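Asks: Provided herewith is a single structure, encoded as structure tokens, for subsequent inquiry.
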Amino acid sequence: MSYILSRKSYADMFGVTTGDKITLGDTNLLVRVEKDLTVYGEECKFGGGKVLRDGMGQASGYKSDDVLDLLITNALIIDYTGIYKADIGIKNGHIKAIGKSGNPHIMPGVHPDMIAGTVTEVIAGEGMIITAGGIDNHIHYICPQQMNEALASGITTFIGGGTGPATGTKATTCTPGAFHIEMMLKATDNIPMNIGFLGKGNTSHPEEIEEQIKAGALGLKLHEDWGTTPAAIDNCLSVAEKYDVQVCIHTDTLNESGFVESSRAAFKGRTIHTYHTEGAGGGHAPDIIVLCGDPDVLPSSTNPTKPFTVNTIDEHLDMLMVCHHLDRNIPEDVSFAESRIRGETIAAEDILHDMGALSMLSSDSQAMGRVGEVICRTWQTAHKMKEQRGLLEEDKQIDADNFRVKRYIAKYTINPAIAHGCSHVIGSVEVGKLADLVVWQPDFFGSRPELILKGGVIVQAQMGDPNASIPTPQPFFSRPMFGAMGKATGATSLAFVSAASEETVNGYGLNKKVTPVVGCRSVKKKDMKLNDFLPDIKVDAETYKVTVNGEWITCAPAKKLPLAQLYNLF
């Protein structure tokens with residue numbers, strides 16, 4: 001006779017199942033479990049007196065090649081692909097299968113690629129949330145300590161440019177020239193993070209750009225501080241088309257060499273990733289935001305303006321002065337700074353994210369951005385939008401926020417991967433991809449990851465006093481783990497480069513796997529998962545009011561946010 005468990009008892013023992021609702025952190029966001037791929041009564045669970053023992057849930061007689069290296073049991077997966085419960089099987093650093101694991105000799109429904117055997121390690125996923133590792137695709141490589149901070153927040157991939165705290169790097173995301181590209185690839189080789197570097201694209205001569213692509217740049221960056229003229233834009237995109245790499249752009253705030261229409265004309269329908277498309281981070285004032293409606297533009301935000309709060313405008317003026325080498329004693333510099341900070345467009349940016357018109361969210365690390373807050377600010381924005389706009393139409397039938405949550409998680413996982421030609425190996429919880437995974441307690445979702453895995457190996461974890469008798473006594477905080485040490489970093493992380501540079505970069509002697517980017521020139525806004533809305537956007541040049549398809553959009557700044565002082569003293 002079957003034994004009947006209450007939903008609460010089942011969730012306490014095996015984690016949530018189909019139809020259950022979970023609150024994310026201290027936000028107002030609720031998700032409902034869409035499906036459960038495990039088998040009731042045959043769940044795998046590790047521990048004394050539990051299922052994963054020899055001859056029970058753990059199978060005997062299988063070769064190592066036929067069983068999993070790592071099994072995450074009964075996990076709630078939150079991904080752009082869905083919000084569902086499953087076991088996750090990992091083999092050779094990649095996601096081998098997602099479904100029901102265990103011992104096929106005695107358990108029904110075991111996936112043939114999810115056999116738990118003698119060589120299988122286990123992470124208990126019951127009561128936990130699993131997401132893909134985050135991708136920050138607007139990195140100023142100013143200091144290596146950024147990577148420790150970002151990794152602890154759940155970011156596992158950096159894409160950007162720089163050479164350290166040089167004046168150019170503090171302002172622009174460029175790693176200029178073959179020498180610097182090689183040195184930066186070598187310098188980051190022992191850090192457990194997937195890495196990619198953008199070469200400098202500001203020139204009207206193709207040869208200087210081609211040299212950087214062949215040296216290992218995964219893409220190119222056009223920045224106004226180096227002169228983002230229509231000629232430079234056209235030339236850079238022409239070279240990118242030849243070598244199948246992405247171009248990122250910070251357009252001309254001062255409109256010296258042209259207006260937003262001039263840059264749009266220079267694009268000539270070719271794909272381009274527009275950084276901080278609202279404009280506070282830089283770009284044609286006051287209407288760079290209109291590019292969110294273009295089919296060839298992949299628009300992203302940086303996190304200082306997300307979400308719009310009562311402090312946003314004041315802190316931006318100070319940030320601008322420092323990051324762009326401006327002088328408060330020069331009136332023109334002050335005017336330059338003030339032209340970029342507009343409450344009206346910042347307010348509209350929140351709503352455009354909620355509509356799916358802005359496709360990605362990144363940091364702008366130490367250059368008007370906080371590298372450890374991409375994930376928490378994404379969920380703060382989602383919370384603020386639910387508070388101000390209510391349930392999305394797509395979510396009303398289930399009375400939960402599944403669609404909104406999938407839309408927002410796509411902004412820092414799959415969409416940056418697609419934009420930069422990396423989605424074949426990272427960016428989502430899908431079979432075949434590198435097992436870059438983040439494990440969260442629901443109470444701490446968006447703020448404090450419990451475990452971070454790179455290539456199926458734990459690289460960071462919440463850990464107590466190393467001298468204690470158990471792992472949990474205070475001080476309890478995020479610490480590097482074995483996967484972040486020695487040669488393990490190379491075995492579990494990727495160095496993203498252009499296809500044209502693969503042979504050259506293999507000669508650099510890197511430990512990380514050299515991985516060419518693919519499909520950068522064919523991607524369009526329509527390919528941005530759950531964030532492909534193409535509105536007709538206009539900005540009033542006098543009032544800065546933003547209209548979408550003829551309707552004025554705005555929202556009030558937040559006075560209080562979740563995932564903030566409840567979780568952080570400082």
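Using N, Cα and C of the backbone, Cβ positions are placed for all residues, glycine too.
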Asks: According to Swiss-Prot, HIS138, HIS140, LYS221 bind Ni(2+) 1; which of ASP354, ASP364, ASP395 is also listed for that site?
Replies: ASP364
Asks: Of the candidates HIS205, HIS276, which one does Swiss-Prot list alongside LYS221, HIS250 as binding Ni(2+) 2?
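Replies: Ni(2+) 2 site check in Swiss-Prot: besides LYS221, HIS250, the record includes HIS276 out of HIS205, HIS276.
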Asks: Rounded to an integer, what is the Cα-Cα distance in Å between LYS221 (Ni(2+) 1 binding site) and HIS324 (active site, proton donor)?
Replies: 16
Asks: Check the DSSP secondary structure of HIS324 (active site, proton donor), expressed as helix, strand or coil.
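Replies: In the DSSP reduction, HIS324 (active site, proton donor) maps to coil.
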Asks: Taking the mean position of the Cβ atoms of HIS138, HIS140, LYS221, ASP364 as the Ni(2+) 1 site, which residues outside that list, in the same chain, have a Cβ no more than 8 Å away, listed in sequence order?
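Replies: Filtered neighbour residues, in order: ILE139, GLY160, GLY161, THR172, THR173, CYS248, HIS250, TYR275, THR302, SER362, SER363, SER365, ALA367, GLY369.
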Asks: Just how many other Cβ atoms lie inside 10 Å of the Cβ on ASP364 (Ni(2+) 1 binding site)?
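Replies: Around the Cβ of ASP364 (Ni(2+) 1 binding site), 29 other Cβ atoms lie within 10 Å.
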Asks: State the Cα to Cα distance, in Å, between HIS140 (Ni(2+) 1 binding site) and HIS324 (active site, proton donor), rounded to an integer.
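Replies: Between the Cα atoms of HIS140 (Ni(2+) 1 binding site) and HIS324 (active site, proton donor), the distance comes to 13 Å.
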Asks: Please report the DSSP secondary structure of HIS140 (Ni(2+) 1 binding site), reduced to three states.
Replies: strand
Asks: What is the one among the recorded positions HIS138, HIS140, LYS221, HIS324 whose Cβ has the most other Cβ atoms less than or equal to 10 Å away?
Replies: HIS138
